């Protein structure tokens, strides 16, 4: 199973990715992990990436695609792989297609923006213990304080509504077009095109997992 998981920040991709990878015995590949591993291993592509990063630049799509091709030839990808957060843009998707990277499925987890904002902006945490709460879905016994210590809970900057809205705007502008790109390619009937499936990301984790498994076939 070679697949791409698409969805906005906070759509629950991480939870589903972990489940799919365990079930199929495939690695979850993110560009960040891939870059770090290649730099550490000192591969040709890794050294090229390090040079750019050390200079404070953005690693080019050419280098990223080179790393992808290198990574999916490794033994742990024999049964497939799951791309998490990649490709991010149409040029990356086009470059992957041109490089002949074979895909079986593009799976989109669809959650309305307002539901994501509610989901993320409602998170609260107790920094010392790592305990997490949600003002609506998993509230503490006493509003604003940790159940165990009685210490105040905090809202991470990443979870503030304004930040969440900005991240969603970036997703809509950059990554959302990939949904149209892959669904249009699948509709052409091209033998090289991956299947495209969309599942609803609202409900319990178990319900969403069941939908994901049905889509994976």
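Counting begins at 1 with the first residue displayed.
Positions of Cβ are set from backbone N, Cα and C atoms, glycine also.
Residue 133 (ATP binding site) falls within a strand when secondary structure is assigned with DSSP. Residues or ranges marked as ATP binding site in Swiss-Prot: 10, 11, 12, 13, 14, 15, 123, 132, 133, 203.
Within 10 Å of the C-beta atom of residue 86 (AMP binding site) sit 21 other C-beta atoms, taking all shown protein chains into account. Residues or ranges marked as AMP binding site by Swiss-Prot: 31, 36, 57, 58, 59, 85, 86, 87, 88, 92, 156, 167.
Per Swiss-Prot, the feature region 'NMP' maps to 30-59. Predicted-model confidence for the region 'NMP' (30-59) is 88, expressed as mean pLDDT.
Residues or ranges marked as region 'LID' in Swiss-Prot: 122-159.
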(request) Would you pick out, from the binding-site residues 10, 57, the residue whose Cβ has the largest number of other Cβ atoms within 10 Å? (result) 10
(request) Return the residue, from the listed binding-site residues 12, 14, with the maximum count of other C-beta atoms within 10 angstroms of its C-beta. (result) 12
(message) Nearest by CA distance to residue 10 (ATP binding site): which of the binding-site residues is it, out of 31, 57, 59, 88?
(response) 88
(request) In three-state terms from DSSP, label residue 123 (ATP binding site) for me. (result) strand
